[in-house]
Amino acid sequence: MDAVPAAAAQRWPGRITERTLADGRPILYFDDQDTPGPVHEAADVRPLGEPPHAGEIRYDVLTGEWVTIAGHRMNRTFLPSAADCPLDPTVNPARPTEVPDSSYDVAVFANRFPSFAPLTVGPAADAPPPPFGPADRPAYGHCDVVVFSSDHDAAVADLSAARMRTIVEAWAQRTSAHSADPGVAEVFVFENSGQEIGVTLSHPHGQVYAYPTVPPRSGQLVERARQHRQATGGNLLADVLAAEQAEGTRVVLRGEHFTAYVPRAARWPVEVHLAPHRDVPDLAALDDAERAELALVYQELLRRVNRFHPGVDRVPYISGWHQAPTGEDRDLGRLHLQLFSLLRAPGKLKYLAGSESGAGAWINDTTPERIADRLREVAS
Ligand SMILES: [Zn+2]
């Protein structure tokens, strides 16, 4: 089994600076080192007007899931050329970007085209009520953009260890900040990488969504965890981790604080989960030693996913941090990462076709054990 090198368990040595964009959205700069450096005083001089508003959420009575109706997002920026990237630093005042300063390490700001926002436009006061199920609700919440580097062409797996540690801190800080909002039910931290995934900006960045309702996957997991607790008294995610560690065939990496394994019923051609050894609800609950190891382990998993298919330079991936709901049923959730790719072979994508998209019934064309073998084979 691949152990990971011990990480120095010190407090994050960086610094957070909070500023405001021209339309009132907050922007936070996370600097890698707590040393004299940029003070991030550059002002956002764009004539932006009102802060963005979000739409509404409607209840799907057939599935019991909430759907966000965000029609105003249709005209958002889509694959701009590198010269027009809105996540670059503002080096030329004639081309202001979303980040006013000319240099930064990690920048976090509220999305200009949010699916959820503190200010909403819907539902309209005179909208007819739905015939069944709960009434439409405002799409209240928060959507952060987390820019991982000022380098437009950087890949997260290749960033310095210090930078990755700063990113972990930004994830934890945003989770903590949004969880304190009583209008937020769950905070989801995620990254889409690669045009095949539907990424609209190639600059290295991730997102944080603070939802007004518990999202469907988490809702299902909570129900399964509740049944498991009633049947066994245990925590489902903790017991799954223990079972994978004991069985071992799908474990791909084991550190002092985290273990990565391919789930027994993996759905994607490349999929791996990462779980902390300690029962923690979210990233904010990780201590310094856990955060330090997480930074190392996360990049190692990204590198392995990237090496998965011989001859492919950059494997597209989605990585999502599932965290416990902030209110009711918090004790049934447990932090874990789901990292996966829809690339099943060089040049061949796994499409979510009739069975998956239509019926929600998944068919994996490989075996989880084979995925685990390969993820061990390509270890650093
Ligand atoms: Zn860029």
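Backbone N, Cα and C define each Cβ position, glycine as well.
TrEMBL lists HIS205 with the feature active site, tele-UMP-histidine intermediate. In the three-state DSSP scheme, HIS205 (active site, tele-UMP-histidine intermediate) falls into the strand class. Sequence-distant contacts of HIS205 (active site, tele-UMP-histidine intermediate), defined as residues of its own chain at least six apart whose C-beta falls under 8 angstroms from its C-beta, comprise LEU87, VAL145, VAL146, VAL147, PHE148, GLU191.
According to TrEMBL, the feature domain 'Galactose-1-phosphate uridyl transferase N-terminal' maps to 56-215.
Summarising the annotation, TrEMBL assigns domain 'Galactose-1-phosphate uridyl transferase C-terminal' to 228-378.
Confidence for the domain 'Galactose-1-phosphate uridyl transferase N-terminal' (56-215), expressed as mean pLDDT, is 91.
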